[in-house]
Amino acid sequence: MNTRQNAEQSPQGAGNGAENEAANGAAEGAIAVGERFVVDVGPVAHGGHCVARHEGQVVFVRHTLPGEQVRAEVTEIGPGGRFLRADAIEVLRAAPERIPAPCPWSGPGRCGGCDWQHVDLAGQRALKKDVILEQFSRLTRLDLTAHLGRELEVEAVQGDQDGLGWRTRVEFAVDEGGRPGLRRHRSHDIVPVDTCLIADPRVLDTGVLSTTHPGSTAVDVVAPSVGEPVVVEVPHGPVPVVRERVILADRELELEVSSRGFWQVHPGAARTFVSTVLDWLDPRPGDQVLDLYAGVGVFAAAFAEVVGDRGSVEAVEGDRVATEHARDNLAAFPEVKVTRDRVDRAVRRMVRSKRRADLVVLDPPRTGAGRQVCRDVAGLGPRTIGYVACDPAALARDVGYLIEHGYALRDVRAFDAFPMTHHMELVAVLDAP
Ligand SMILES: C[S@@+](CC[C@H](N)C(=O)[O-])C[C@H]1O[C@@H](n2cnc3c(N)ncnc32)[C@H](O)[C@@H]1O
């Protein structure tokens with residue numbers, strides 16, 4: 001199995017080569033959870049931890065930074081003892097980009113929501129850049145810096161100030177006593193937090209953290225861009241529909257979306273990605289456009305006005321509720337069709353019926369589109385493909401598939417849509433041969 005196939009099974013596991021090395025690691029049972037040792041910390045890996053070695057064994061260490069020396073405590077032994085997971089519990093030599101964490105709930109054994117509260121924003125973005133370059137190098141065999149002819153910058157999304165107060169949708173876990181909190185890293189344990197610094201203040205202003213939620217297993221709070229925040233008691237409470245506004249250079253879109261459905265959580269994210277894709281794909285009147293993994297249809301809406309009634313947009317989405325909202329959101333555009341189906345089945349059918357597309361937008365979930373969808377998208381012959389991705393490993397792998405089918409990677413932008421965490425969003429554009 002080659003590296004790219006490995007990534008398709010588990011993009012999360014596509015670290016910086018250390019996992020492969022870890023497979024040949026030390027014998028099982030040599031070390032126990034809770035054991036402590038001092039390590040020199042190496043590069044960042046996909047997933048927010050850094051790679052270190054202890055007596056020849058690979059250790060994935062959280063709460064640290066490349067170049068640091070830390071005392072690490074083992075938190076988990078990987079399958080077959082192939083690698084260890086550990087937390088840095090004491091910093092013996094600090095990296096220059098280390099800062100005191102603004103959030104009192106972050107740190108070893110505490111809330112698992114943020115990975116990088118202990119890193120300044122520039123440092124977080126540098127780590128994200130390193131992960132992206134590593135994934136493209138490993139999975140696409142592409143030196144992205146050389147390919148782009150510039151240093152990739154992980155950019156702030158529009159409106160981001162200090163990386164705090166941005167999260168407009170937060171799911172708090174609720175314990176058996178009805179107390180809300182956030183989960184510990186890789187655990188079902190609930191840490192009963194009294195604040196969350198990355199949450200939009202309007203989320204906290206609902207009082208969600210100062211009230212109990214008897215009978216709920218979780219409580220979702222959504223602070224939409226239009227109207228008041230809503231609190232959803234999971235699983236039995238009503239699930240209201242909210243409205244989200246996307247401000248583009250020349251117009252505004254307003255869409256309905258379920259309070260439990262997919263919507264970008266950073267308030268500047270949707271407009272940043274839609275503007276980037278529109279700019280790069282440069283739609284023309286009469287174009288046939290496909291919006292794959294369409295959600296409630298934000299990309300379809302943005303393209304519809306441009307292609308006009310001589311063109312067409314088909315939005316393909318698998319989720320029933322999202323599809324219903326997409327139909328409502330796009331009802332004003334007769335040239336838009338919303339199809340509820342799995343994308344792999346829909347594009348297969350299109351290829352079989354010898355359909356063509358001029359432009360394709362792909363915005364898949366974390367696992368990416370995968371080999372077959374990439375092959376079939378290429379088979380539709382679009383002149384340009386825009387790919388929006390939240391996982392650099394899945395994107396790198398799928399860009400590789402599209403390159404195999406003759407497409408050329410024109411550009412990539414990376415956005416810090418999830419500050420304080422290791423997560424990011426990327427947009428890539430590929431052109432037909
Ligand atoms: C990352 S979201 C993007 C949604 C939308 N483009 C947006 O920006 O709001 C991915 C969407 O793909 C849908 N999805 C996931 N797997 C799918 C599949 N195999 N076929 C069709 N839709 C799928 C999800 O329901 C979700 O709405």
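Just so you know, glycine gets a Cβ as well, placed from its N, Cα and C.
Unlike curated records, TrEMBL annotations are generated automatically.
Among TYR293, TYR387, the residue that TrEMBL places alongside GLN264, GLU317, ASP363 at the S-adenosyl-L-methionine binding site is TYR293. Note: TYR293 (S-adenosyl-L-methionine binding site) has non-local neighbours VAL316, GLU317, GLY318, VAL343, LEU362, ASP363, PRO364, PRO365, ALA369, i.e. same-chain residues 6+ apart with C-beta under 8 A of its own C-beta. Excluding GLN264, TYR293, GLU317, ASP363 themselves, the residues of that chain whose CB lies within 8 A of the CB mean position for the S-adenosyl-L-methionine site are, in sequence, PHE262, ASP291, ALA294, GLY295, VAL298, PHE299, PRO364, VAL388. Residue counts for the domain 'TRAM' (30-90) by DSSP state, with H, G and I taken as helix and E and B as strand, are 3 helix, 36 strand, 22 coil. One residue stands out among the recorded positions GLN264, GLU317, ASP363, CYS390 for having the most other Cβ atoms within 10 Å of its Cβ: GLU317. Within the model, the domain 'TRAM' (30-90) carries an average pLDDT of 96. Each residue contributes its Cα atom, and for CYS390 (active site, nucleophile) and GLN264 (S-adenosyl-L-methionine binding site) those atoms are 11 Å apart.
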